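Below is one structure; the comments refer to it alone.
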Amino acid sequence: MNPYILAILLFGLGLGTTITFASSHWLLAWMGLEMNTLAIIPLMAQHHHPRAVEATTKYFLTQATAAAMLLFASVTNAWLSGQWDIQQMTHPLPITIITLALALKIGLAPVHAWLPEVLQGLDLTVGLILSTWQKLAPFALILQINPTNSTILIILGLTSTLIGGWGGLNQTQLRKILAYSSIAHLGWMILVLQFSPSLTLLTLLTYFVMTFSTFLVFKLNKATTINTLATSWTKAPLLTSLTPLILLSLGGLPPLTGFMPKWLILQELAKQDLALTATVAALSALLSLYFYLRLSYAMTLTMSPNNLSGTTPWRLSSTQLTLPLAISTTMAICLLPLTPAATALLTP
């Protein structure tokens, strides 16, 4: 892609998110979300491949539906209450519709079906943008409206953690596994949103660090299926020995970074007398952990398939920058001791 066009699209992506961040009026927030969608579509379709075009079309249709729902709900809110302010939402109907519209935008279950399909059709770089940056603007709006309907949030959260765990069990494609991992993590964030918005933000940030690191590892290995992971020993042995730690951090095992948000969320849910919800969420994390272990096993304990396509292909040394990978991997593995500092910063 032409670097000037790429720069304009990335600028549009950043501007759309920033407009949504800075807006207090529903129309402006909607405009930011639309700019975001329109800026990423050419990036998604840049490889003229049927899967990429199909993924782009699916993404466009779901985002357009969510944006239409959002606009409808904000007009309804203006009609019922006479104001367009995001933080002055009072009527339960528009709040519920907007929560569902934003859930569709970020891919929460049960409106998640587009996310694995779309992510599977993209290359890893655009997939990374979709899994991280594209979640920021809708999350800013969810945190601002602070939905009052607790039942719908708990249902969305639990369904997402369960489907995110179950859906990834039978997958062989890495991008689909990462999509289900994303759904499960978003479920944890939504569960604790009404009790501690700052904890939701902390979970989002740790999820970003871990996902960024995972995508960069797969990109360095040019891996898209579990089988191709088995050839990574010969390309980057040191990185291959660290990758299981990143994956187990995504699964939420101590003493890795990913344990911190899960620990704090379970603690918060127990404080709110939601022991059953906390138990179901913790058990659903075991489902996710299974497929992270499966990836770790494929990377470190199996020989690469010895057929023509599976024999270790000759690779030139990668041109990818290794500094972002080094920083994000260190953060994805080593940040658990900073938990007291994080909680001190987050408590109002």
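Our numbering is plain: 1 for the first residue shown, then up by one each step along the chain.
Every residue, even glycine, has its Cβ placed from backbone N, Cα and C.
Caution: TrEMBL annotation is automatic and unverified by curators.
According to TrEMBL, the feature domain 'NADH:quinone oxidoreductase/Mrp antiporter transmembrane' maps to 23-287.
Marked as transmembrane segment by TrEMBL: 60-80 (among others).
Annotation comment: TrEMBL describes 92-115 (among others) as transmembrane segment.
Annotation source TrEMBL lists transmembrane segment at 151-170 (among others). Cβ atoms under 8 Å from those of the transmembrane segment (151-170) belong to residues 96, 99-100, 103, 108-110, 112, 116, 176-177, 180-194, 274, 277, 280-281, 284-288, 290-291 of the same chain, restricted to positions at least 6 beyond its ends.
What TrEMBL lists as transmembrane segment is 177-195 (among others). Same-chain residues lying 6+ beyond the ends of the transmembrane segment (177-195) with a Cβ under 8 Å from its Cβ atoms: 103, 106-109, 112, 115-116, 118-120, 127, 131, 135, 139, 142-143, 146-148, 150, 153-154, 156-165, 167-168, 171, 203-204, 207, 211, 214-215, 250, 261-262, 265, 268-269, 271-272, 277, 281, 284-285, 288, 291-292, 295.
Sequence-distant contacts of the transmembrane segment (201-221), counting only residues of its own chain at least 6 positions beyond either end whose CB sits under 8 Å from a CB of the stretch, comprise 124-125, 127-128, 131-132, 135, 139, 143, 174, 178, 181-182, 185, 188-189, 192, 228-229, 231-232, 235-236, 239, 243, 246-247, 249-250, 257-258, 260-261, 264-265, 318, 320, 322, 324-325, 328-329, 331-332, 335, 342, 346. What TrEMBL lists as transmembrane segment is 201-221 (among others).
Long-range contacts of the transmembrane segment (233-254) within the same chain: residues 181, 185, 210-211, 213-214, 217, 220-221, 261-263, 285, 288-289, 292-293, 295-296, 299-300, 304, 312, 315, 325, 329, 332-333, 336, each at least 6 residues beyond the stretch ends and with a Cβ under 8 Å from a Cβ of the stretch. The transmembrane segment annotation in TrEMBL covers 233-254 (among others).
Remote same-chain residues near the transmembrane segment (274-293) are listed as 154, 157-158, 161-162, 164-166, 168-169, 171, 177, 180-181, 184, 187-188, 191, 247-248, 250-253, 262, 265-266 (criterion: CB distance under 8 Å, separation of at least six residues from the stretch ends). What TrEMBL lists as transmembrane segment is 274-293 (among others).
Among the features that TrEMBL reports, domain 'NADH dehydrogenase subunit 2 C-terminal' is placed at 289-341.
Sequence annotations record features per position, and here TrEMBL assigns transmembrane segment to 323-346 (among others). Residues of the same chain lying 6 or more positions beyond the ends of the transmembrane segment (323-346) and with a Cβ under 8 Å from any Cβ of it are 196, 198-199, 201-202, 206, 209-210, 212-214, 216-217, 220, 239, 242, 245-246, 249-250, 254-260, 263-264.
Model confidence over the domain 'NADH dehydrogenase subunit 2 C-terminal' (289-341) stands at 80, taken as the mean pLDDT rounded to a whole number. Beyond the ends of the transmembrane segment (60-80), by six or more residues, the same chain brings 26-27, 30, 33-34, 37, 41, 89, 91, 93-94, 97-98, 100-102, 104-105, 114, 118 to within a C-beta distance below 8 angstroms of the stretch.
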